[in-house]
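Peer 1: Could you have a look at this structure, given as structure tokens, before my questions?
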């Protein structure tokens, strides 16, 4: 009987260890994929940014709001996922495909899609984790409003090449800033 109990305990420990080893290594994978996506996004530049200064606009990226909210891991992952999804939606639109080099656009969108898969895997592992809904909802709403402002801007500018260049630079800034949420993920993992 003692051997059976020891064997069962060992199985439980091993299965728990294997589940944890399959766990969410998001800071590392997200950072690598994000760097690759940013590199491709930089390569997508078609116009000198200085030639589009008259089209510049402050879209009010909600990073300040996100930073001030002391977002925990359970909240950071949905915010990163929404930021990535909204970026993917923007760059997979019909108007976007006309504005960019198809090879670079496909590469960028593939990187975003891989990031979404990583984020979704981590979200699935958080099932049952209680998260403060108000803070998370505020951050998600801020991200959605930010992308709505970008979409309205593109529509008002009739998806001009300069408008897309301004948006490309803005999205580059947003994705670059998103890595600021990663230390929170690393801290909670330890």
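In case you wondered, yes, glycine gets a Cβ from its N, Cα and C as well.
Taken from Swiss-Prot, the feature disulfide bond covers 24-122, 52-162. Positions annotated as N-linked glycosylation site by Swiss-Prot: 101. Look at Swiss-Prot and you will find 1-23 tagged as signal peptide, backed by similarity to another entry.
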Peer 1: Looking only at Cβ atoms, how many others are within 10 Å of the one on residue 162 (disulfide bond)?
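Peer 2: Other Cβ atoms found within 10 Å: 17.
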Peer 1: Work out how many Å separate residue 122 (disulfide bond) and residue 101 (N-linked glycosylation site) at their Cα atoms, rounded off.
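Peer 2: The Cα atom of residue 122 (disulfide bond) is 32 Å away from the Cα atom of residue 101 (N-linked glycosylation site).
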Peer 1: Out of 52, 122, which of these disulfide-bonded residues shows the lowest number of other CB atoms within 10 Å of its CB?
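Peer 2: Each of the disulfide-bonded residues 52, 122 was scored by Cβ atoms within 10 Å; lowest is 52.
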Peer 1: Taking the Cα atoms as reference points, how far is residue 52 (disulfide bond) from residue 101 (N-linked glycosylation site) in Å?
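Peer 2: Pair distance, Cα basis, whole Å: 19 Å.
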Peer 1: In whole Å, how far does the CA atom of the residue listed as 'N-linked glycosylation site' lie from that of residue 162 (disulfide bond)?
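Peer 2: Counting only the Cα atoms, the answer is 15 Å.
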Peer 1: Tell me, how many other CB atoms lie within 10 A of the CB of residue 101 (N-linked glycosylation site), whichever protein chain they belong to?
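Peer 2: That number is 12.
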